[in-house]
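Straight from TrEMBL, the features:
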SIGNAL    1-27  signal peptide
DOMAIN    6-216  domain 'Cytochrome b561'
TRANSMEM  51-75  transmembrane segment
TRANSMEM  87-111  transmembrane segment
TRANSMEM  123-142  transmembrane segment
TRANSMEM  154-177  transmembrane segment
TRANSMEM  189-208  transmembrane segment
Amino acid sequence: MLLFKRKRLLLASACSVILLLLTPTRGDSNPEQSYKVAQPLELTPKLSLQLKLHAFLLWCSVGFLMPIGVLLIRVSSNVKSAKTVKLLFYCHVGSQIVAVVLATAGAVLSISNFENAFNNTHQRIGLALYGFIWLQPLIGFLRPDRGMRFRSAWYLTHWLLGIGICVVGVANVYIGLHTYQERTGRSARLWTVLLTVEVAAMAFVYLFQDRWNHVVRQEEAAALGDEQSEGSTMYPANDHKEVIVVP
């Protein structure tokens with residue numbers, strides 16, 4: 001019980017942090033003043049490489065591996081083989097661990113090499129995401145056993161936080177690309193289009209799984225109905241009760 005109270009406290013604290021980060025401060029209450037503060041970047045070869053590496057790490061983390069982990073665990077809920085379910089679960093865990101490591105590397109790179117005044121939306125959302133990304137594995141390792149009282153609450157919390165991180169993370173990648181284009185004057189249209197194609201494909205797979213399972217169940221039900229119908233046609237005598245006269 002104490003463990004779950006601590007987890008709720010952590011979630012409440014994390015929500016408070018993100019609200020504080022996203023609340024406008026006095027220094028950036030004026031959009032024109034904020035625009036003036038964000039001076040154009042003078043891209044050196046070193047800075048350009050660091051920006052590209054930062055973008056690549058965060059794209060791999062929140063833009064690819066984390067959504068893949070969500071798809072893997074979603075697929076496992078419809079698999080009947082215990083071995084396949086176990087394999088998908090370990091793939092889910094592995095992909096999320098690698099995603100957290102990559103996000104941490106991207107955070108270290110950003111903090112050590114970039115301006116971190118946190119006076120723009122991209123930096124604030126990014127800082128909040130780092131906190132939630134590190135919180136999510138902790139919640140995952142605190143998973144109660146099946147049949148326990150708080151299993152459903154844990155599952156809902158873990159699922160909602162995972163989906164939220166993926167959605168907000170992808171949105172922040174878009175914001176980062178837009179910020180990069182504004183600060184450097186270089187076009188990020190190609191990367192935006194590629195990211196959109198990837199997100200659309202993953203969203204299609206995510207939404208298509210339930211529809212596909214529904215189609216399969218309908219086909220199984222129709223096949224079962226045909227078998228029952230054929231059985232009643234082949235053996236009509238079985239539908240009539242035999243009357244036995246007892247002398």
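The backbone N, Cα and C atoms fix where each Cβ goes, glycine too.
Whatever TrEMBL says is automated annotation, not expert-curated.
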Residues of the parent chain within Cβ reach of the transmembrane segment (87-111), under 8 Å, 6 or more residues beyond its termini: 50, 53-54, 57-58, 60-62, 65-66, 68-69, 72-73, 75-76, 79, 126, 129-130, 133-134, 136-137, 140
Tertiary contacts of the transmembrane segment (154-177) (same chain, 6+ residues out, Cβ under 8 Å): 4, 7, 11, 55, 58-59, 61-63, 66-67, 69-70, 121-122, 125-126, 129, 132-133, 135-136, 139-140, 142-144, 188, 191-192, 195, 199
